[in-house]
Amino acid sequence: MAAAVTLVKKVWSIKKHIILVITPLSLLPIVFFMPPKEGRCLFVVLLMALYWCTEALPLAVTALLPIVLFPFLGILPSNKVCPQYFLDTNFLFLSGLIMAAAIEEWNLHRRIALKVLTLVGVKPARLILGMMITTAFLSMWLSNTASTAMMLPIANAILKSLFGEKDEPAEDNALNENIPAALQENGLHSVPNEMQLLTLNEDKYLTKKAEKSVEVHYDLKEEREHKNRIWKGFLISIPYSASIGGTATLTGTAPNLILLGQLKSFFPACDVVNFGSWFVFAFPLMLLFLILGWLWISLLYGAINLRCGNQKTSEIRSDAEAQAKAVIKEDYQRLGPIKFAEGSVFFFFCLFAILLFTRDPKFIPGWANLFKPGFTSDAVTGIAIVIILFFFPSEKPSFKWWFDLKAANTENKPLLSWKKAQDTVPWNIILLLGGGFAMAKGCEASGLSTWIGSRLHPLEGLSPALAVLLITILIASFTEFASNTATIIVFLPILSELAIRLNVNPLYLMIPGTVGCSYAFMLPVSTPPNSIAFSSGHLMVKDMARTGVIMNLMGVLLLSLAMNTWALSIFQLSTFPDWALSHSANATSLVPDGRNFTINTGL
């Protein structure tokens, strides 16, 4: 077995080297058969897309390619490429990651999770709901991967208290051996001999005892199957709720921030998407999807049982639920009273969310109106709060210390140290975001976006509502096999141009594309949360496939519903916006093949 694994690793290593060499060579004809600048930019875009999909290079390393290739190929000078890696959007994401590090440092996530589980109860369906609510809430502010990694140990502890270890119990085998073969064949005895006639009464007693053993054996078997289903339902609900919860806030997942960054690149005057407006749109969608997902998982894995079980099974489950309740209560009590540091982190976390939400909520004046227009952004808010974490004391300060000259000069530990932040923050995601913004800038500067738009005119007769549905299905399917970040980086420029061709608000197509790439539920490789849950060893690919296909379908339909109802008023999607007119005007210029395209901006 070890030799086979080694062989597979060697083959994959050789395959990666082949991809690294062959991919650029196979894409070279694009440079010769397309307009010069657009062809060179498309070469870089496709090269990065293939490297991202195959992971021939680490994702963050592939994201650095524009720094080298854009200047060499004459697409963009380096002084315009490099700043894309440190836009204010990157710093907004960084502030969320640092806040997550502080929450993890003081175990605030564990206290929140155990408190929610205490409130919802210990019935399997309620526990799954509690796990999904907690994971989704954490994922709104932390990364999906971190939320899943934090919640899985808690779920495993609860599962073990409910069912014990997930190993096949040895008692069942012993029970099978103790049941007479005659009783296992419908309870029929052979013709009795003289000795058996003498012991007939004893045999009748043994028969009743064995029949009772068969009944107990059946109950145990049914309970074991129930346990296995619930165990799978628990584990699969965590990564799914992390992916769903991450869509509710701009900082919840990288694709949301990529949308914000690319909007600023393609449509600099667009200011309708910010933390507050996104939350008003995405939070109700997240709640609907979470509830429907919980119902589907609970029904599929038997947490909600529509059949009435027998009394013996009910007693077994009641005992297990009482034990689980005790474990949750014990774990919560073990955390002790809320510490000063925990309370402080929770306060700054709430302040972080409130200030982001109220900066410019659109439906009422925000606090940003107190400052010069255009000078404050969500990044300013996020970084201002997390800076405080590095000097605010983790222990309640004593005012007597300031006036006691004899008091020892002891250093007070802050809520978060830079070493902890440095070790915890996934810096590779910052580079990945930057690579996406650099790619978008190159597509705009080279004219590749306009060139792509000129090839989309056959789709101009497509109904906008149908376009939303098809785009969501396409991207949700594509992201099952590729990184959601890489997926949205590649598709957003195409969606913006398609919106111009369809004469609709670009957000009408770009938002469902962004949210849809987070709906990857069918495969372990689709997202890191799926991989983490699958690595526990209790899930099979077919479990994720049969659960995920319905989850994908529900996500696509709910997203289409949201885009055609409450999103219309939040983002003013029913009109073609003024901020898209300048980009639309670029499409009226002569494209390389000599045809002139004019966009009608009226709806």
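Along the chain as shown, the residues are counted starting at 1.
Any Cβ shown, glycine's included, is placed from N, Cα and C.
No curator has checked TrEMBL annotations; they are predicted automatically.
Taken from TrEMBL, the feature transmembrane segment applies to 18-36, 42-73, 85-103, 123-142, 234-258, 278-304, 340-358, 370-392, 465-495, 507-527, 548-571.
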Item to check | Proximity verdict for the transmembrane segment (85-103) and the transmembrane segment (370-392), three or more C-beta pairs under 8 Å | outcome: yes
Item to check | Stretch contact, the transmembrane segment (465-495) with the transmembrane segment (548-571), Cβ-Cβ under 8 Å, 3+ pairs | outcome: yes
Checklist entry - Are the transmembrane segment (123-142) and the transmembrane segment (278-304) near each other by the rule of at least 3 C-beta pairs under 8 angstroms (pairs 6 or more apart)? => result yes
Next on the checklist: Below 8 angstroms Cβ to Cβ, which residues of this chain, lying six or more residues outside the transmembrane segment (548-571), approach it?
Outcome noted: 240, 244, 272-273, 277, 280-281, 284-285, 288-289, 292-293, 296, 362, 465, 468-469, 472-473, 476-477, 505, 507-508, 511-512, 515-516, 519, 521-523, 526
Checklist entry - So what's near the transmembrane segment (370-392) in sequence-distant terms, Cβ-Cβ under 8 Å and 6+ beyond its ends? => result 88-92, 94-96, 98-99, 102, 250-251, 274-275, 344-345, 348, 351-352, 355-356, 359, 414-418, 421
Next on the checklist: Below 8 Å between Cβ atoms, which of the listed ranges 234-258, 340-358, 507-527 makes the most pairs with the transmembrane segment (123-142)?
Outcome noted: 234-258
Checklist outcome for this item: Under 8 Å Cβ-Cβ from the transmembrane segment (234-258), and at least six residues away from its ends along the same chain, one finds 89-90, 92-93, 95-96, 124, 127-128, 131-133, 135-141, 143-145, 147-148, 151-152, 155, 158-159, 274-275, 278-279, 282-283, 285-286, 289-290, 293-294, 297, 301, 356, 378, 382, 429, 432-433, 436-437, 484-485, 487-489, 492, 514-515, 517-521, 527, 529-530, 532-533, 536, 538-539, 543-544, 547-548, 551, 555
